[in-house]
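In what follows, a single structure is set out as structure tokens and then discussed.
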Amino acid sequence: MTTTAVTHIASLVTNDPSLGNGTPLGLTQDAAVVIEGDRIVWTGESSKAPATDNVLDAAGRAVIPGFVDSHSHLVFAGDRTQEFNARMSGQPYRAGGIRTTVAATRAATDEELSANVARYLAEALRQGTTTFETKSGYGLTVEDEARALRIAGRHTDEVTYLGAHIVSPDYADDPAGYVDLVTGPMLEACAPHARWIDVFCEQGAFDGDQARAILTAGLAKGLQPRIHANQLSYGPGVQLAVELGAASADHCTHLTDADVDALGQGSTVATLLPGAEFSTRATWPDARRLLDAGATVALSTDCNPGSSFTSSMPFCVALAVRDMGMTPDEAIWSATAGGAAALRRTDIGRITPGARADLVLLDAPSHVHLAYRPGVPLVSAVWRSGQRVV
Ligand code: NIG
Ligand code: FE
């Protein structure tokens, strides 16, 4: 198998707290990383790197693990520029906007949907994302949801069934009937194509009882739960996530002290999606409050055409540092190891022997520049599974 060394890394984020400066980032200076096949096989002082087939001299630049974007909605068609314009003129964001994308997605061909996913993935990859999760949720019929998951599965292993995004317009007068569909025939058709099940637990979408019924049905079919929780208002989503042992409660924008305590004590990751607050002009989630309570925090894009049309993890990192009380170190951890935790993965989000060789070389001397130089394309090279892809 071919071996490659990246040498003279000014600052290497390993996310192994036993290495380097003893912080969660496991930051090491003047380092090297050796890749063999799709794995990392060695890290250490650059001068001690073993001989390899290929060498890339990082020449004093920084290397971080590939970003793990654990929350996106990429199987969609159409565009909501008008809705965004209206919001920027003072209209509030409402869950009902999802219906616009549902109509466009149903009308699109498989090829159009797949090309759209590929396009946003390529965009994300150029910005350092090497793993991403994506969801259905813009089909809302048995056939359209199953099709969205099949298409998502061509691009990633982290696929989430979100038939419970909103009540389908076809069931506007019969929400209970829609929950029966989501937990019955739609689940039957979708479960083979997904790893996760999600529900938008919110006013205008699904209440706590409906969300519990949906996630419990998914669990019985072998799907693991994650929840859109407490995004637009206070509500039962976070407590339900913790009660069910969900991998992640996503958004966490409106939290009571009890919600924060539950996330601080449980194993459910709090995934914060600053692109959504940016694009809906909403209150920022308070990452500091969650971190101080002991919660594991992930950062993710929520990339979707309605509430957060960004595929950029560096942008989310910059927002989290500027407006959500995170330090640059915490934000980088949350965008890499935090995302891996939200997907219950141990093979990604770190640069240590045995991990998948997902690396980002930055045109900067340290990871801090991702927040310090917002909006600047600092990603210089990306390896995914040991292959140089950017
Ligand atoms: O995570 N909150 C629910 N779903 C998406 C928004 C989807 C849309 O507006 O199309 C979100 O923000
Ligand atoms: Fe979302």
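Placed from the backbone N, Cα and C atoms, the Cβ positions cover glycine too.
TrEMBL annotations: computationally assigned, not manually curated.
4-imidazolone-5-propanoate binding, as stated in TrEMBL, involves R80, H165, Q231, S307; the candidate among Y120, Y138, Y178 given for that site is Y138. Annotated Zn(2+) binding in TrEMBL involves H71, H73, D302 plus, out of the candidates H155, H193, H228, the residue H228. Closeness to ligand 1 is met by none of the binding-site residues H71, R80, Y138, no Cβ falling under 6 Å from the molecule. Within the same chain, residues at least six positions away from R80 (4-imidazolone-5-propanoate binding site) with a Cβ under 8 Å of its Cβ are G97, T100, T101, P305, G306, F309. Among the binding-site residues Q231, D302, S307, the ones whose Cβ sits under 6 Å from an atom of ligand 2 are, in sequence order, D302.
A mean pLDDT of 98 is what the model gives for the domain 'Amidohydrolase-related' (249-366). Within 10 Å of the C-beta of D302 (Zn(2+) binding site) there are 27 other C-beta atoms, taking all protein chains into account.
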